[in-house]
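Reading through the structure tokens given below for one structure.
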Amino acid sequence: MSASASSLSAFNPKSLPLCVSRPASVSVLPPSLSFKLHSDHLVSIFASSALKCSSPAEYPSRFVRNVAVSSDFEVEEDDMFADGDDSAPVERNSFSPDLKLFVGNLSFNVDSAQLAQLFESAGNVEMVEVIYDKVTGRSRGFGFVTMSTAAEVEAAAQQFNGYEFEGRPLRVNAGPPPPKREESFSRGPRSGGYGSERGGGYGSERGGGYGSERGGGYGSERGGGYGSQRSGGGYGGSQRSSYGSGSGSGSGSGSGNRLYVGNLSWGVDDMALENLFNEQGKVVEARVIYDRDSGRSKGFGFVTLSSSQEVQKAINSLNGADLDGRQIRVSEAEARPPRGQF
């Protein structure tokens with residue numbers, strides 16, 4: 001059973017009428033919701049606190065009057081299509097994947113009700129899900145809309161791809177989401193990131209990224225990662241190079257001229273990051289960090305320049321600058337603390 005499904009089992013369903021005093025408002029709902037639209041069912045709310053309503057007669061709109069509300073914050077694509085428990089209140093497997101649209105570059109203020117209202121003009125909306133981070137509770141800037149027919153899916157994709165909504169152009173793709181990038185992120189006990197011999201990706205058993213036991217990182221032999229205990233190393237580090245490591249003294253691309261770049265739009269990739277910083281100096285490396293399971297951007301990255309003067313110039317010029325609709329944060333990168341300090 002997936003982590004999302006397990007988290008649902010901790011909640012006891014309660015059937016309650018949903019009502020608000022002002023029909024135009026949907027503020028009665030929590031921000032982290034998955035909406036499933038029906039015609040003749042009560043509202044099932046799964047949450048740790050109950051809503052109190054004096055009358056079931058008034059509803060904010062037809063998009064929220066009969067809604068199955070899930071306590072999930074973050075829903076991975078595999079969970080959306082996996083066979084769920086028979087007792088699960090929200091059946092994510094009830095619609096064909098071909099009827100689902102991916103909607104990206106959402107404003108963080110957009111919730112499922114607003115998205116449903118938008119897509120109504122393209123046809124009959126069956127389900128809307130805006131995905132939220134399960135740690136912060138903040139929207140991750142994307143969601144899914146399920147239509148009732150393939151023709152409506154095509155019409156919605158044509159109508160809304162590139163459509164500006166709440167100040168941001170939407171990215172709308174028809175069909176199921178792309179497969180996870182398992183070919184890029186090996187997860188075996190002796191595997192790792194990009195072409196490493198015994199190290200590699202993100203936290204593998206004997207290699208990998210951040211604070212691993214025996215190193216990892218990008219293309220290293222046994223190095224890489226941030227603050228590894230025995231074989232550390234920066235991106236593409238040598239056998240005993242380190243970036244905040246317990247052993248070794250740094251090589252690879254080094255940390256002295258490395259910048260942290262945060263609050264990136266989900267659509268920004270390595271090339272976009274490199275092009276932005278090319279104006280500030282010679283870019284040695286530009287890399288956006290991706291989630292190991294979903295393959296999606298984690299919203300931050302690192303840029304290495306050739307000199308400390310270029311680093312300061314980049315900070316002064318680009319910290320707070322607008323990139324793809326978001327104000328980026330630029331600062332000098334620091335070594336992450338050892339695992340015991342988290």
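The count begins at 1 with the first shown residue.
Placed from the backbone N, Cα and C atoms, the Cβ positions cover glycine too.
For reference, Swiss-Prot has these:
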type: COMPBIAS; residues: 190-237; note: compositional bias 'Gly residues'
type: COMPBIAS; residues: 245-255; note: compositional bias 'Gly residues'
type: DOMAIN; residues: 99-177; note: domain 'RRM 1'
type: DOMAIN; residues: 257-335; note: domain 'RRM 2'
type: MOD_RES; residues: Ser107; note: phosphoserine
type: MOD_RES; residues: Ser204; note: phosphoserine
type: REGION; residues: 167-255; note: region 'Disordered'
type: REGION; residues: 178-256; note: region 'Linker (Gly-rich)'
type: TRANSIT; residues: 1-65; note: transit peptide
Can you tell me how the residues of the domain 'RRM 2' (257-335) break down into helix, strand and coil by DSSP?
19 helix, 30 strand, 30 coil
Counts by DSSP class (helix H/G/I, strand E/B, coil) across the domain 'RRM 1' (99-177):
23 helix, 30 strand, 26 coil
What is the Cβ neighbour count of Ser107 (phosphoserine) at a 10 Å cut-off, with all protein chains included?
14
